[in-house]
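Colleague: Annotations for this protein, taken from TrEMBL, read as follows:
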- 1-34: region 'Disordered' (REGION)
- 35-124: domain 'Fibronectin type-III' (DOMAIN)
- 114-146: region 'Disordered' (REGION)
- 154-242: domain 'Fibronectin type-III' (DOMAIN)
- 238-270: region 'Disordered' (REGION)
- 271-325: domain 'Fibronectin type-III' (DOMAIN)
Amino acid sequence: AAAEPEEQSLPSEEPQDQKSQTEVPASDASPSRAVLGELRVTSITPSSVQLQWSVPEGSFDSFMLQYRDAQGQPQALPINGGSRSVTVPGLSPSQRYRFHLYGLRGRKKIDHVSTEAVTGTEEPEEMPLPSEEQKHEKLQTETPPSEAPVVQAVLGELRVSSVTPNSVQLQWSVPEGSFDSFMLQYRDAQGQPQALPIDGRSQSVAVPGLSPSQRYRFHLYGLRGRKKTDRVSIDIITEEPEELPQPTEELQHEKPHTEAPSSEATPAKAVLEDLRVSSITPSSVGLQWTVPKGSFDSFLLQYRDAQGQPQALPIDGGSRSVTVP
C-alpha cells in the first residue's frame, strides 16, 4: 500500500532497477521476457505531446506513463497493454517534460524507457479563415495532377457520432490514400486555440472538457510529415447541462426498455456486464467491461467531478476499456 501512488524515483535510479528485474533470470525468463523499444515523440503542440513506442520482444499486460506537470506534481497515466502510442493532454506551453514509460506484468514494472520533449510556444498555428484555408490546402493537394494521383490523400466528411454537454465524438473517413497523422484544432469556450494530435490510423476522436450549450467549430487536418495536405470542418453545439438521475431511478427506468419486449428483443438484446477498475492513479482511473451478449453502437460514461459537476464521456462501441483522466 505504501507504493501507491507510485512516486517517480530519480531517472538515473529507475533504469538500473528496472533492467535488473528484466535480465537477472536470463535462462528462465526467455520465453516470457518482455522488452520495451525506444520511446519517441511523434507530435508536439503547446498543450499536448504524442508518444510512440514498440515492444520488440514479448508482451506487457499494461503500461504506465509517469511525468511531472508544470507545477512539479507527479502524474501517472495508465495505458492498455495493446497500445503503442498515447497523447498526453493538459500540458503547459514552452515547458520541458521528461516522460517515463513502464511496461507492467500485473502490478510489477518489468521494463522502462524515457524521453524528453519541450511543448510548443503559447500560440499554436492560427487557424486561417475557412475561405483562405480552403484555397491554401486544396492548392497543396491538387497542384501536380500528373504525379499526385498515386500518393494523393483525401479526407472524407467530418461527422458527429455523439454529443454531450461537455464532450463531442467525431468520425471521418479517408476515401483515398493515407495520412501519417491528423490534427484537430478548435477554440475553447474562452476563445483559446486548442490542438489535439491524432494517430494516422484513427478515424474517430473524443473531445472532452467542453462547455455546455456552446458552439464549437472543429477543423480536422490530414498531415503528411508536418505538412497539412487536406482539411474538413464542422460546427457543433454542445447539449444543455443535464442532471444525472439517481442510480436507483436510472436502473428502474432502463431495465423495462431492455427486458419488457422479451419475445421480440431476444435476437437484438445486448447486455453489459462487470464494470471493473483496472488501474488507479492520483489523477486517473482505468475501467474495463464486457459485452457477453449482443453489441452496442456506442457507450456513454457518466460521473460527477470533484466539484460535483456531471461529466459525460462518449466511447466507441468496439471499446471494452477507457481511461478517465
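Note that the numbers count up from 1, one per residue, in the order the chain is shown.
A Cβ is built for glycine as well, from the same backbone N, Cα and C atoms used for every other residue.
Remember, TrEMBL labels are computer predictions, not curated facts.
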Colleague: Across the domain 'Fibronectin type-III' (154-242), what are the DSSP residue counts per state (helix, strand, coil)?
Modeller: 0 helix, 50 strand, 39 coil
Colleague: Reported in the order helix, strand, coil, what are the DSSP residue counts of the domain 'Fibronectin type-III' (35-124)?
Modeller: 0 helix, 50 strand, 40 coil
Colleague: Restricting attention to the domain 'Fibronectin type-III' (35-124), give the mean pLDDT.
Modeller: 88
Colleague: For the domain 'Fibronectin type-III' (271-325), jot down how many residues DSSP puts in helix, in strand and in coil.
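Modeller: The composition, in the requested order, is 0 helix, 37 strand, 18 coil.
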